[in-house]
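Asker: Below are the features listed in Swiss-Prot for this protein:
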BINDING   57, 58, 59, 60, 61, 98, 136, 165  4-amino-2-methyl-5-(diphosphooxymethyl)pyrimidine binding site
BINDING   99, 118  Mg(2+) binding site
């Protein structure tokens, strides 16, 4: 059986006009830091995207690179996003910016992701125009608000506690079940502590799209890790 990532690569070899990357078709969303302490962002991104990642977001907050070198300044963030964009073009994927509407516009990224306490949506929309905007949600009321407001997708979680968001309580899979029961047509992603071992439980709860971090960023073979997750998501469709 062909995996989604294999079909995407096959299509790229036989078509002279690549299909535009699509939020609607996106199922595997990766958040990565700039990997400054490793210096391998380009190779890592290429491997993860080749494995089937559909959206790759740069989020450097709390990263080893931040601890070693300090916060990622705007110019450096834009440079890192350009590295991701180059890889994303090769693999027909989308690039996302965390929090910063100005950085999204300056870098040309297709996606801006906002938390509950970030820039107001109306202001963000004025800055980024018709780019894709996503929203983090942590309870049912926030998810229902995201369905109603002018965002293009939303994330639901954390499903499990995660070091990416220290101190944040995890509403768990009950929230995933509640959101799945809403039967919204707006794309949404489960997030928080998800890996290949936990993904079946997330799928059983009703999610069909997920955001991962360490499941790929900490993997010895990022491409293989992405392929495994993408294959599991494909099988659940």
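The first residue you see is number 1, and the count goes up from there.
Each Cβ is built from the backbone N, Cα and C atoms, and glycine gets one as well.
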Asker: What is the total of other Cβ atoms whose distance to the Cβ of residue 58 (4-amino-2-methyl-5-(diphosphooxymethyl)pyrimidine binding site) is within 10 Å?
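Answerer: Its Cβ shell of radius 10 Å holds 26 other Cβ atoms.
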Asker: Please list residues from the chain of residue 118 (Mg(2+) binding site) whose Cβ is under 8 angstroms from its Cβ, counting only those at least six apart in sequence.
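Answerer: Looking at Cβ-Cβ distances below 8 Å from residue 118 (Mg(2+) binding site), excluding near sequence neighbours, one finds 99, 124.
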Asker: Could you tally the C-beta atoms, other than its own, that fall within 10 angstroms of the C-beta of residue 98 (4-amino-2-methyl-5-(diphosphooxymethyl)pyrimidine binding site)?
Answerer: 21
Asker: Could you find out if DSSP has residue 59 (4-amino-2-methyl-5-(diphosphooxymethyl)pyrimidine binding site) as helix, strand or coil?
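Answerer: Note: residue 59 (4-amino-2-methyl-5-(diphosphooxymethyl)pyrimidine binding site) is coil by DSSP, not helix or strand.
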Asker: Residues with Cβ closer than 8 Å to the Cβ of residue 60 (4-amino-2-methyl-5-(diphosphooxymethyl)pyrimidine binding site), same chain and 6+ apart in sequence?
Answerer: 33, 34, 36, 66, 71, 72, 77, 80
Asker: I'd like to know which of the binding-site residues 59, 61 has the most other Cβ atoms within 10 Å of its Cβ.
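Answerer: Answer by Cβ density within 10 Å: 59.
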